[in-house]
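What TrEMBL lists as domain 'Amino acid permease/ SLC12A' is 31-324. Residues annotated as transmembrane segment in TrEMBL: 33-53, 59-89, 140-162, 174-193, 213-234, 255-277, 297-321.
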Amino acid sequence: MIQEVHLVKYLDNENSENNGHGLKRSLKSRHMLMISIGGTIGTGLFIGAGQVIHEAGPLGAVLAFIFGGVVMYLALLCLAELAVAIPVAGSFQVYANTFISPAVGFTVGWMYWITWVICIASNFTASAIITHTWFPAIPVWEWCFIFIVFTGVINSISVKIYGEMEFWFAGIKIVAIIAFIVSGVGLMLGYFGHEGAIGFENFSTHSGVFPNGYLSLYFTLITVVFSFQGAELVGIASGECENPEKNIPRVIKGVVFRIIIFYVLAIVVLGATIPYQQAGVLDSPFAYVFSRIGIPVAKIMMSVVVLTSALSASNSALYVCSRM
């Protein structure tokens, strides 16, 4: 049945594309890879990770993010099977409508759409608040309007422009995470800062492996799973991907392992360099670690990274809402 539906949907899509009325398959594998990575890495990691460490402890946070990565991996494996067979815009909303029932497809589509609509508003507001602190003469609502126009223009021109913007937005976040991991490891080994080697001493809490109890690990999973949201964008973009049968499996494999490695290593460094009691009260645990190694503009630097993350999320959210 999947093969029959695949042929009908795929041929209809190709015919529409050839007639100039369908979506263009303009996204290359590098676009797909960075769209998925960029859609995942965001404020859930840069800001929410500190609260997870505070509640579950350093080791508990590492275990929670490993568990979240495994869940993401299993979900993307299932999505890859369907996205390769039926590479259409709408992704799992179309799959639910086709293989379960129109009612389920309707519900899934609208719930997912509402989630991303709220995401657009919250990220525009977050971006505006950050830029307002730099340029206080311009009110927050004007910054929101500027960002609305900016993302609207990007999504209106062509999907290739959207893919290029996400490629560079995601690149900024990846560079920031790699720089953080390298700097944090240097701090742990005593190469940076003036405190000497701290190693993994913060992992040895006086209250055991889970300082707030085993249930704290369970409760943090909500934040952890939220921080992995966005990886499924590769499925939604499959309808505009070049050669989906070849590129989608390769992209999903690359996405999963890169995200898990980035997340787990970042959490290990955070847990080792910040006492768990302080992690939950810091505005930006990443900026705190950078400041400990002597970078005076650490807070501004991370504000720029969070700003690009919020704009990237808004850009992707608008793209998703237009495809569901």
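Placement of Cβ uses the backbone N, Cα and C atoms for every residue, glycine included.
Unlike curated entries, TrEMBL annotations are predicted automatically.
Tertiary neighbourhood of the transmembrane segment (255-277): same-chain residues 33, 36-37, 40-41, 45, 49-50, 52-54, 57-59, 61-62, 65-66, 68-69, 72-73, 76, 174, 177-178, 180-181, 184-185, 187-188, 198-203, 205, 211, 227-228, 231, 234, 285-286, 288-289, 292, selected by CB-CB distance under 8 Å and a gap of 6+ residues from either end. Looking at which of 33-53, 140-162, 213-234, 297-321 has the most CB pairs under 8 Å to the transmembrane segment (59-89), the answer is the stretch 213-234. If you average pLDDT over the domain 'Amino acid permease/ SLC12A' (31-324) in this model, you get 84.
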